[in-house]
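Engineer: Following this message is one structure expressed as structure tokens.
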Amino acid sequence: MKKKSMHYIEMTFYYIILFFILREWLVPVVELTSTGHLALLLLFIAIAFLLNIFEAPFFISWIIKVAYIAWFIVSVYTEGTVFSGAGIQFLLADIRANISLLLAGDWENVTNPFRSLLFFILIWMLIYLIHHWLTVRKTIFYFFALTVFFISTLDTFTTYDGKAAIVKVILLGLVMTALLYMKRLMAETGTTFVFSKYMRYFLPVIVTIAAVGFMAVLLPKAAPQWPDPVPYIKNLSGNGGQNSMSKVGIGEDDSRLGGSFEADDTVVFTVHSPDKQYWRIETKDFYTTKGWESTGNDNDEYEVAQNEAFISIWPNEKKEAVSAFIYPKIDRSYVLQAYGMMSVLFDAPDAMLFQERATERFNTKGADGSERPLDQYEVVYSTPEYSYTQLKTPVTDSELMYIDERYLQLPDELPERVRTLAADTVEGRKTDYDRAKAIEQYFKRGGFTYETKNVEVPVENQDYVDQFLFETKRGYCDNFSTSMVVMLRSVGIPARWVKGYANGTEVDKTEKGLRVFEIENNDAHSWVEAYIDGIGWMPFEPTIGFVNQSDINFDMELNQSAPQEMLQQQEQDRQEIEREVKEQEEKEKQASKKKHSSNEGSSWVWGIIFFLILLVIGVGLKTRRKWMPKVYIQAQRRKPVSASTIQSSYKVLMRQLTFVGLKRKPDETLQAFAGRVDERFGTDDMSKVTTVYEKAIYSKNTNNHSFDEIKESWEYLINRTTG
Amino acid sequence: MQEHIQAVLKNIEKVMIGKREVAELSIVALLTGGHVLLEDVPGVGKTMMVRSLAKSVGANFKRIQFTPDLLPSDVVGVSIYNPKTLQFEFRPGPIVGNIILADEINRTSPKTQAALLEAMEEASITVDGETLSIPKPFFVMATQNPIEYEGTYPLPEAQLDRFLLKIRMGYPSVQQEIEVLRRAENKQPIEEIKAVMTVEELLALQRAVQQVYIEDSVKGYIVDIARATRENPRVYLGVSPRASVALMKASQAYAFIQGRDFVKPDDIKYLAPFVFGHRLILTPDTRYEGVTPEQIISQIIEQTYVPVRRFTDS
């Protein structure tokens, strides 16, 4: 009796230590995935450990754990009471839905309850492994090493600060290792437990570990030997711990661009429009080396009448005016501008339309000057059309129009190589349009990649454009558009940076034949407008994978005097444009549902968790010859005895034997093999078992053989295979 | 019925030292109704083996010493004119018996050999147009001396097929030979052997052997081995389906001796060299290399998969 209680005390002690080590797993995961409910998760571990300590029967422990998980999921994710029919229904429906998601490979959309379930399963497996390591192997080294690896990985790759955790884990782990080593030694030498004797070994261990830990904390740490394993980390440290992950969408502050962003498929607008087009919100003109600001005062705005809401892009050759109807799904006080917009119409007597001078942004305000989002409004516009002839004709000085100097602003610190690159790119181009086009094309051909994840943020003295053009060459719309504006300005073409939304997803058609677009936060976009002398502002799209072609009237054939080569050029350009538009449509078709980016930070953690699950499974497989026999024996005891039991049992035995290098050769008879096995193990059990099995397969009557007579031999052999 | 066999084996062991394997194989042939060709040098106990077996069964034992001048009629018998009855009377030759020792059959002329082999095959003899069946059990144990070639008539392969098994006696080990000498000091133990089985019991055993179950997958194993001998490039002529049947029957008998009512692949494996060995004709090249048919069969068995589950048609 005393021995038994002693055993419980010992195990409890071990499990308390293990509990604290395991706790260090949960804390960062919960913190990083904002899962919450740390206490409930810890309670699960505590329960599981208690069940292990008191060696609760298999089925009881399963029932308790499954019930706990079910209770957790139902009570956390639904309002419902724990084991009501609705709760169970919710669980089953969720599992079913997610399994089909998993089967479809749609891992990203797995729901949170199911993630929790998977997480619980992972914890459960870990607990099982810990139990195995503790009771069978009597060493937790794998677990210890795994924990250290886990925490240091998280510390390196995420915002989680594992400093305290790693110290705790190392100390606890060392204590645990020492304790188990002593336990193994005692088992090997057959020493019985005597408290005073035990303490004589245990105390020095504790003292040593404490001393080592103390020293380790005090010792100076070398700076990271691995400066930036992933740009992402740099990005984190560059921001001084501030998480630079931004959600996609339209924000106000563009003064520091860069960094990854999270996808957000919230629908912001539904647009009924005759054309697929970009929707402008505002422009910015001042490049700060890190991002964009506006030189003007935000408050410098004036009221415009609904029917004269012009923007600085006007149609050259008037096309027929058309209307688009915009239905904001989320309150937004700015107005989406179509190119060639002439008026904004809305039916809200209390709302007034203001335009900011500097940015051309339209805001709607109430009488008291506060934001007054509209429920719907109509945008009347006539898409600008540009004459190819005009675009291709160099302007004379007399035709130069006045353009504000601010559209040529560049920071003094702008590295020279940006200017050189821009100059090289436009070399030999005769008109502004050709130059702008050359720069636009440079991004499509210059070896750039479109990427929303792990996009770098420029550090202290780094220029955002320079970094993108020469160092990273990966980024998203902001990188491309900003770079193009800067390049345009450096070759003397006035340019500005435009924020707005890309086309959106076409979902339907209205009865009147308008196309219905859903514009998500994911469609937030930025692009370029360049001022073409003699023509005016013209949009350009440098970002890879996006196409927004201006309507160009290929009017040159009308001009008889145009040189032959220019006509050819025109034809080429026309084909080029058609090709791009086609490619884009193809792409959209293929990936109509593809998201801008994914949930960056937590996908890291989920990735690590997934890796750990794989690792656990891997360890399980690797050590299966250690634990599977026990499972077999358990399973065997449950099974009714029949001829097929003998056959399946024998098969299991054969498979287990292969683990210890005993494999029947194809030409070897069972009895010969059995002889070999028996020789190896120094028994005659295999021959006994084989004789019965042979009867089962070779003799006339297969059913009158009882498994019982060989049960002991079989179990003995199975156990021998674990050794 | 097992005890009869064990008793016979015990009897033989009293006489023969360390020859249990040969004794078992002989009983296999006896139970199957087949015949045995013992191939070995003189003096290793071939005759003793047959005699002790015959005595144990309590059967009629006859011995024919084959010499070059032996005539077929010396084997099968002859019709003699009886002046009293004025008729030819048939005097059966030594072949008409239960257990026959045919000593050194390769020393006699092919004509005489053919007479013997025909009698073995048909279990009957035909003289002057009259056919006389030989009473059962009929068991011929022929011996031949493999080292004497001068003046011998090696049995043609087709005729070797008449023998169920070809067995080699082999020399005893040191220990066994000392034991042989020790026994030779005293009275011949063969004289002390008593019949432990009647002829009727033997016939009953022969019927019982036919009931031994042989699973289809095991039959398949026999066929696999047989086919492999036909496909082996070093074999000039592989074994016939009759040989496969012989192996099956022998394996049934062997399983029976082991006290089983079903055949295992182990039985096949063990018996195949004895049953197939003398039925294979190797290519001249192979023979020239000194490779024996038994070696080829061992190779074939090594390359044949042993069936370890029941045969299913599907």
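Including glycine, each Cβ sits where the backbone N, Cα and C put it.
From TrEMBL, for reference:
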type     : residues  : note
TRANSMEM : A:12-30   : transmembrane segment
TRANSMEM : A:36-54   : transmembrane segment
TRANSMEM : A:66-93   : transmembrane segment
TRANSMEM : A:113-133 : transmembrane segment
TRANSMEM : A:140-158 : transmembrane segment
TRANSMEM : A:164-181 : transmembrane segment
TRANSMEM : A:201-219 : transmembrane segment
DOMAIN   : A:469-544 : domain 'Transglutaminase-like'
REGION   : A:564-599 : region 'Disordered'
COMPBIAS : A:571-591 : compositional bias 'Basic and acidic residues'
TRANSMEM : A:603-621 : transmembrane segment
Engineer: Taking the transmembrane segment (A:12-30) as the first stretch and the transmembrane segment (A:113-133) as the second, find out whether 3 or more Cβ pairs fall under 8 Å, excluding pairs closer than 6 in sequence.
Structural biologist: yes
Engineer: What else in the chain is close to the transmembrane segment (A:113-133), if you only count residues 6 or more beyond its ends and a Cβ gap under 8 Å?
Structural biologist: 18, 22, 25-26, 29, 35, 41, 44-45, 48-49, 52, 65, 69, 72-73, 76-77, 90-91, 94-95, 97-98, 139-140, 142-143, 606, 609, 612-613, 616-617, 619-620, 623, 626-627
Engineer: Could you count the residues of the domain 'Transglutaminase-like' (A:469-544) that DSSP puts in helix, in strand and in coil?
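Structural biologist: The counts are 21 helix, 34 strand, 21 coil.
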Engineer: Quick one: mean pLDDT on the domain 'Transglutaminase-like' (A:469-544)?
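Structural biologist: That region's mean pLDDT is 84.
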